[in-house]
Every structure is written in C-alpha cells, then in structure tokens.
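Report on the following structure.
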Amino acid sequence: MAESKVEHLLDSIHFPEDLRHLSQDKLEQVCADLRQYIIDVLSENPGHLGASLGTVELTVALHYVFNTPYDRIVWDVGHQAYGHKILTGRKDIFHTLRKFKGISGFPNPAESEYDAFIAGHASNSISAAMGMSVASALKKELDRHVIAVIGDGAMTGGLAFEGLNNASANPNNLLIILNDNDMAIDHSVGGLSQYLVDITTSQAYNKMRYDVYRGLKKIKLINNDRRENILRFNNSLKALLTQQHNLFEGFSIRYFGPVDGHDVNYLVKVLNDIKDMQGPKLLHIKTKKGKGFKPAEESATEWHAPGKFNKETGQRIIVRKLDEPQLYQDVFGHTLVELAENDERIVGVTPAMPSGCSMTYMMKAFPDRAFDVGIAEGHSVTFSAGLAKEGMIPFCNVYSSFMQRAYDMVIHDVALQKLHMVICLDRAGLVGEDGATHHGVFDLAYLRPIPNLVIASPLNELDLRNLMYTGYAAFDGPFVIRYPRGKGEMKDWRNEMQVLPIGKGKKLRDGDDIAVLSIGPIGNEVIKAIEMVKEERVSIAHYDMIYLKPLDEELLHEIGQKYNRIITVENGVIKGGFGSAVLEFMADNGYTPHVKRIGVPDAFIEHGSIPELYQLCGMDAESIAKQLKKEN
C-alpha cells in the first residue's frame with residue numbers, strides 16, 4: 001500500500017499549483033517520491049544527478065511557498081533544477097532530457113514559463129534576479145517575489161560578487177538562496193544557528209526592529225549617518241554571537257542561516273517568514289550533493305554527471321571498447337605532465353574543471369604547479385598572465401564556451417603584452433547534450449581579430465601533442481589550441497613531440513577539381529566524405545590548414561590560383577570564422593573562386609548527440625559528401 005501512495009502523490013502533481021493543494025504533512029513524501037523519480041530516470045537517461053538530488057527539498061519548498069510562475073525562480077547554472085522541471089509540467093517528458101528534440105538539461109524560458117531566466121554558465125543568477133526584482137518594483141508589482149538560487153561553487157564567480165555588491169543599491173525585495181553543499185563554503189548546522197534563524201525570521205522580532213528604527217527617526221535621534229552606525233553595530237553584534245564576520249551583511253543584505261536544506265517543513269517555515277521582508281536578503285541552506293543515493297553522496301565529483309548506472313547496486317555502467325582511441329582531454333593531461341617533467345617553468349591552470357579537462361594528472365604529478373582557481377575564468381587568464389610575466393609558462397585550460405567570459409582578459413592582459421602562455425580551449429565546437437549554452441562554436445570568430453595570438457586546431461591527438469609542444473617551445477607569445485570533447489581518431493598517439501611550423505598547413509590529398517580546406521578534427525569528416533564519393537568522376541584535394549592565425553598564405557595563393565571551387569569546413573560559426581578568413585584572403589588577393597562554407601549556421605544550436613547535431617548543421621560526412629557531389 002505504501003508504494004501506491006508514493007505513486008499517487010507523484011501522479012497527482014503536474015504543476016506547482018497541484019503541489020500547493022497538498023497539506024504540508026505530505027511534503028516529505030513528495031520529496032522522497034521526487035528524489036526516486038530523478039534516480040529512476042537518470043539511471044537510464046544520463047544527466048547531472050548529484051546536484052539535483054541535493055536540492056529536492058528546496059525545490060518542493062520553493063514551489064509550495066511561492067506563486068510560480070508569477071513569482072520568479074532564477075536557477076544558477078541549472079544542474080540542480082531537474083526537480084523543478086518535473087514539478088512544472090515536464091514530468092511525463094523528463095525521459096527526453098538532453099536528447100535531440102527533447103527538453104533541455106538547463107532552465108530555458110523558451111521551454112517553459114516556469115524557467116524565469118536562461119541558465120548554463122555560472123554566477124549570473126543574482127544579477128539577473130536583481131534586475132527582475134527592480135523591474136517589479138518599478139512596475140508596482142509589489143506582490144511579486146524574485147528568488148535567486150545559487151550554489152556555493154558559483155559564488156566563486158566574480159559576477160556573483162558584482163551582483164551582491166549592487167543588491168542594495170536600488171529598491172528590491174530580492175531573496176538569494178545560497179545552496180551550500182560542502183563544495184566550497186563550510187558552516188555547521190547546529191542548535192544555535194537554527195535558534196538565530198528562528199529569532200531573526202519571527203514576525204515579532206522584525207516588527208520590533210522596524211518600530212524601533214521608525215520611532216528613533218520620528219524623534220530625530222536617527223538620520224542616515226546614524227542609521228549606518230546602527231547597522232554596523234547590529235552586524236558586529238551578530239558577528240560576535242556567531243563568532244564570525246558575515247560577508248553578506250557587509251553588502252547590506254540581511255542574512256539568515258545556515259539551515260538544514262533537507263528539512264522541507266522547516267524550509268517552508270523559514271521561506272514563509274522571510275518572503276515578505278523588505279529589502280534584499282539571503283538564506284543560507286546546507287545540503288548534501290547526491291542526497292538520498294549513497295554512491296552519489298560518497299563521491300560528489302564522480303556522480304556529478306555519471307552516465308548510465310544501476311540504481312540498485314550503485315554501479316556506473318561504463319562501456320569501453322578494447323583499444324579505442326583516447327579522449328582528447330586525457331591526451332592533454334598526459335602531455336602536459338610530460339612537458340612539465342622536463343621544465344619546471346611549466347604550470348597548469350583551470351577554472352573549476354580539473355576533472356573535465358584532465359588537469360588532474362598535473363595536479364597529481366606536480367601539485368604545487370597546478371592550480372584550480374574556481375569558477376573564475378577571467379581570473380584564470382589574468383592569473384596565468386601574471387605567472388607568465390614572471391617567467392613561468394602557463395597552460396591555461398578553459399572550456400571554449402566559458403572563455404567568452406574572459407575575452408577582455410585575453411586582449412588586455414595577455415595579447416597586449418604578448419605573454420608566453422598556452423591557452424587550451426577544451427570542448428571547442430559542438431559539445432552535444434549540454435546544448436546552446438555550452439557549445440564552443442564562437443572562439444574562432446571572436447579570437448581571430450586579436451593581434452599577437454596564434455590560433456591552431458589539431459586534426460587528431462598526435463597533432464594536439466605537437467601543438468602543445470609548439471606553443472611551449474617554438475613561440476614566445478600567446479598560443480591558442482582548440483580541440484573538442486570526447487574521443488579522437490588514433491590508438492597510437494604517444495609520439496615523440498615535434499614542432500608544427502607556425503602558419504603552415506598540410507596537403508592531405510591531391511586533386512584537380514575541388515579544394516576542401518578544413519581546420520581541426522572536423523577534417524576527419526571530410527576524409528570520410530571523400531571516400532564516399534571516390535566513385536564519382538571528381539578529383540578532390542583536401543588541405544588540413546591547422547592554423548587559423550596566421551593563415552598559410554603561401555598555400556592559399558596556390559589554392560587560389562589553381563581552383564575555381566573551394567569548400568571550407570569548420571566546427572564553429574561560419575560568420576567570422578575560418579571560412580570567412582579564407583574568403584577575405586581570396587578577395588584581398590584578387591582570386592574569384594566559388595567558396596562554399598560549411599560549419600555552424602547563424603543560430604543557437606540545440607542539444608542532441610554529436611552525430612545528430614553534425615547532421616543538423618550539414619557537417620557530417622554524408623552531408624559533406626552531398627555537397628561535394630553538388631559542386632561536381
């Protein structure tokens with residue numbers, strides 16, 4: 001009978017309004033039900049498990065207390081929002097999560113009115129929610145609440161602190177919920193903390209606090225200057241009682257907590273107590289990443305996005321073929337260690353992605369020369385610049401889509417000084433199931449105009465090693481290498497590293513009719529496409545250009561003089577990217593071939609598998625083969 005009760009509660013909730021119709025004593029069962037549903041679905045349909053298991057009680061409490069979607073919930077990053085999706089009309093299609101034409105793995109306003117703001121990159125929630133809260137005040141929507149939910153990891157991002165610093169500058173009733181899951185901030189949850197929350201959230205306390213201030217002002221014992229002194233005294237007293245200085249109240253944000261983020265009934269009480277308080281406020285909750293699934297609780301990093309797993313045994317289902325190609329990420333990690341073994345100046349830097357980019361190899365081999373700086377892409381670049389300025393040779397590894405956040409630092413702090421560092425752009429190109437917020441498709445276009453940069457992309461793992469060596473040994477300025485997520489093409493890649501001449505491409509295949517110019521691993525799709533049309537009466541040349549900047553102008557002159565038809569292929573946006581650079585060269589030098597550019601179109605590409613997205617963009621071997629036939 002207990003199982004039927006669980007199923008009944010789950011089946012009865014389609015939208016938050018259904019949840020709000022339940023009595024509060026049912027909420028614990030709703031949480032257990034929701035947590036199990038997430039585990040059931042993600043065991044077969046991979047996604048971000050740990051973070052969403054940790055926010056089940058918070059999600060239920062938020063939708064129970066607040067009138068969503070009129071009230072706005074802004075999720076930071078969005079990894080923790082799966083429960084939110086299930087409770088807001090997407091339970092029956094949750095199994096399509098991160099699949100092509102299915103629902104997104106992140107909050108997306110185009111998908112649901114309950115998704116108040118786009119999420120994917122960290123640390124934006126406070127600024128976005130503050131803007132929405134101020135807008136509500138300007139529109140006299142005094143009954144609308146705006147809540148930002150941010151994890152302690154995302155709080156390391158500079159944008160979060162910019163939002164905190166500005167939160168009290170304009171009238172707003174913003175509520176910030178800090179989800180502290182022991183990944184960065186560590187405060188204990190005890191009787192004193194809960195007692196302080198009970199006191200500071202009680203209506204009687206806050207009415208007294210307001211009445212005292214109003215009374216002092218009425219009898220002219222308080223003005224704005226004295227008000228600041230009283231606030232400082234209040235904050236100092238609380239700091240004394242808690243034996244800590246409160247950062248948030250230093251920003252004039254009222255602080256409550258920490259509280260147990262897995263006590264749904266207490267969360268409901270606290271949220272009801274503070275939701276109508278005037279001014280910006282922050283509720284600090286303590287949660288456990290992976291809560292309710294023992295393997296995920298015990299290994300938060302491994303179970304952040306574990307892939308398929310056996311929900312009964314807790315074993316991850318990892319299918320690997322014998323002698324399959326290595327991940328580009330592992331090639332980077334092993335190669336960096338090899339280089340570092342021979343030069344003590346080499347250091348590694350990454351903003352919060354040591355496992356994803358395989359900086360962990362460097363951290364294990366040379367812990368004093370490898371740095372995880374947290375979710376702080378701009379800092380990672382400028383920190384690396386400082387290292388380079390003092391004679392170190394940093395390898396700064398940043399995901400391509402996250403490097404967008406450090407653009408000014410690349411220009412101002414690195415390129416202007418022509419500092420010797422290697423910037424490795426991991427996850428370059430289409431990345432698959434994480435979708436539009438994570439596709440690394442803009443880097444070729446946004447880095448190409450910057451003076452002093454060398455920009456390269458390897459065809460395979462062998463050339464990734466060679467380019468890392470080239471950036472280290474053969475160029476004394478900033479050297480950018482972009483490469484994709486996932487497996488490469490080769491089983492035997494541990495070559496003796498060699499310099500790839502800067503600004504020089506390679507002819508992979510000779511031909512007389514059509515010249516195909518590719519850059520990066522997408523060239524392997526070209527190789528397959530040419531094989532598909534080998535029976536056609538067309539002679540196709542294929543060039544692996546390797547370098548976007550500087551271009552191999554000598555080779556391009558030869559191509560411009562010989563071919564009337566050119567196809568460029570890149571795993572990036574075609575506007576402003578590699579194909580555009582080839583077109584500019586041809587126009588500037590008086591060549592007039594017909595140039596067809598293949599790459600990512602002028603659109604934000606959805607989520608799906610790499611083969612599906614390649615086909616969508618016409619970048620897969622079959623689509624390229626069709627274009628070759630069309631050009632014939």
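Each residue, glycine too, has its Cβ placed from N, Cα and C.
Feature list (source: Swiss-Prot):
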- His79, Gly120, His121, Ala122, Gly153, Ala154, Asn181, Phe293, Glu377: thiamine diphosphate binding site (BINDING)
- Asp152, Asn181: Mg(2+) binding site (BINDING)
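Here the features listed in Swiss-Prot are painted onto the structure.
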residue: His79; record: thiamine diphosphate binding site; CB count, 10 Å: 26
residue: His121; record: thiamine diphosphate binding site; CB count, 10 Å: 22
residue: Asp152; record: Mg(2+) binding site; CB count, 10 Å: 19
residue: Gly153; record: thiamine diphosphate binding site; CB count, 10 Å: 23
residue: Asn181; record: thiamine diphosphate binding site; CB count, 10 Å: 23
residue: Glu377; record: thiamine diphosphate binding site; CB count, 10 Å: 29
Checklist entry - Rounded to a whole number, how many Å is the Cα of Asn181 (thiamine diphosphate binding site) away from the Cα of Asp152 (Mg(2+) binding site)? => result 7
Checklist outcome for this item: Quick note, His79 (thiamine diphosphate binding site) and Asp152 (Mg(2+) binding site): C-alpha atoms separated, nearest Å, by 13
Item to check | Recorded thiamine diphosphate site residues His79, Gly120, His121, Ala122, Gly153, Ala154, Asn181, Phe293, Glu377, farthest C-alpha pair in Å | outcome: 32
Checklist entry - What is the separation, in Å, between the Cα atoms of His121 (thiamine diphosphate binding site) and Asp152 (Mg(2+) binding site)? => result 14
Checklist entry - What is the interatomic distance between the Cα atoms of Asp152 (Mg(2+) binding site) and Glu377 (thiamine diphosphate binding site), given in whole Å? => result 16
Checklist outcome for this item: Under a three-state DSSP reduction, the secondary structure at Asp152 (Mg(2+) binding site) is coil
Checklist outcome for this item: DSSP output for Asn181 (thiamine diphosphate binding site) maps to coil
